[in-house]
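To start, the structure under review is shown below, and the notes come after it.
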Amino acid sequence: MSAGLDRAVLDLVRQVSETIILPRFRNLSASDIIEKSADDLVTIADREAEDALNEGLARIEPSIAIVGEEAAHADPSVLQALSGDCWIVDPIDGTHNFAHGQAPFGILVARAEGGIATSGWIYDCLTGRFCSAHSGAGAFVNEERIAAQSTGTTPPIAAISRLFLTERQCAALDREIAPHYGIVDIPRCAAEQYPRLALGQNDVSSFERTLPWDHAAGVLWLNEAGGKAARHDGSQYRVDEYEKPGLIGASSPAIWDEFAKLALAARV
């Protein structure tokens, strides 16, 4: 069943990417870009892509709800479906990059049951890389099973954004964490950041915001690859706890544990 589902989702996201998203890349007018809130953009391509994804997912499994990023922004009551069986959709993950004509950006789709993601898919619109995972069945890139690997560098590479951190948190980051890691910025795209954690490019990443469309697919995929993604206290990430801040992803449980100790001291 999972192979057939993977193929159906891949066909859908590829079609949406090729017919809706990529034709708009570096081809947006000023009126095609809207600021939902400070530093949070949406484009006409996001909205058209979400509509097309919703239609396609409803054909694949019509009996469950769909929670899309843009639909939830327009009507927050949509989020109530996250505690049941549902699809979770980010039509363009990395909208800031997309709107500025930059890579990376992708499509994120997950299927959740009772607040826990059980299937996840990550599609890179520019490279065609397709990551997939199902609970207990491993993680795959372009249909090849993968095992998470670290960068092997000293110090380890930590990808951390200061975008949503307070001044106090930034100071704690510099004091408690930066001396032990090579700090790099995140790509503003979870569809790129989670693969970096498993494919030997980054060792650990810390996220402040934990919205389900950004993290449901990536958390499952990284854990299935043998890495670890969890709340700062080690508890499981639930898609219906979207208002709860803080999430750490790492290429291995050991790297996760070491970073979590420092993050606890820093309260990052």
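Cβ atoms here come from the backbone N, Cα and C positions, even for glycine.
Keep in mind that TrEMBL annotations are predicted by a computer and have not been checked by a curator.
In TrEMBL this protein carries:
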- GLU69, ILE92, ASP214: Mg(2+) 1 binding site (BINDING)
- ASP90, ASP93: Mg(2+) 2 binding site (BINDING)
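Overlay of TrEMBL annotations on the structure.
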residue	record	contacts (Cβ under 8 Å, 6+ apart)
GLU69	Mg(2+) 1 binding site	ASP46, GLU50, VAL89, ASP90, PRO91, LEU211, TRP213
ILE92	Mg(2+) 1 binding site	ILE21, THR43, ALA45, ASP46, ALA49, PHE98, PHE105, GLY106, ILE107, CYS125
ASP93	Mg(2+) 2 binding site	PHE105, GLY106, ILE107, LEU108, CYS189, ALA190, ALA191, TRP213, ASP214
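Apart from the site residues GLU69, ILE92, ASP214, the chain places the Cβ of ASP46, VAL89, ASP90, PRO91, ASP93, GLY94, THR95, LEU108, LEU211, TRP213 no farther than 8 Å from the centroid of the site's Cβ atoms, the recorded Mg(2+) 1 location. Highest local Cβ density among the binding-site residues ASP90, ASP214 belongs to ASP90, counted as other Cβ atoms within 10 Å over all protein chains shown. In this structure, ASP90 (Mg(2+) 2 binding site) is part of a beta strand by DSSP.
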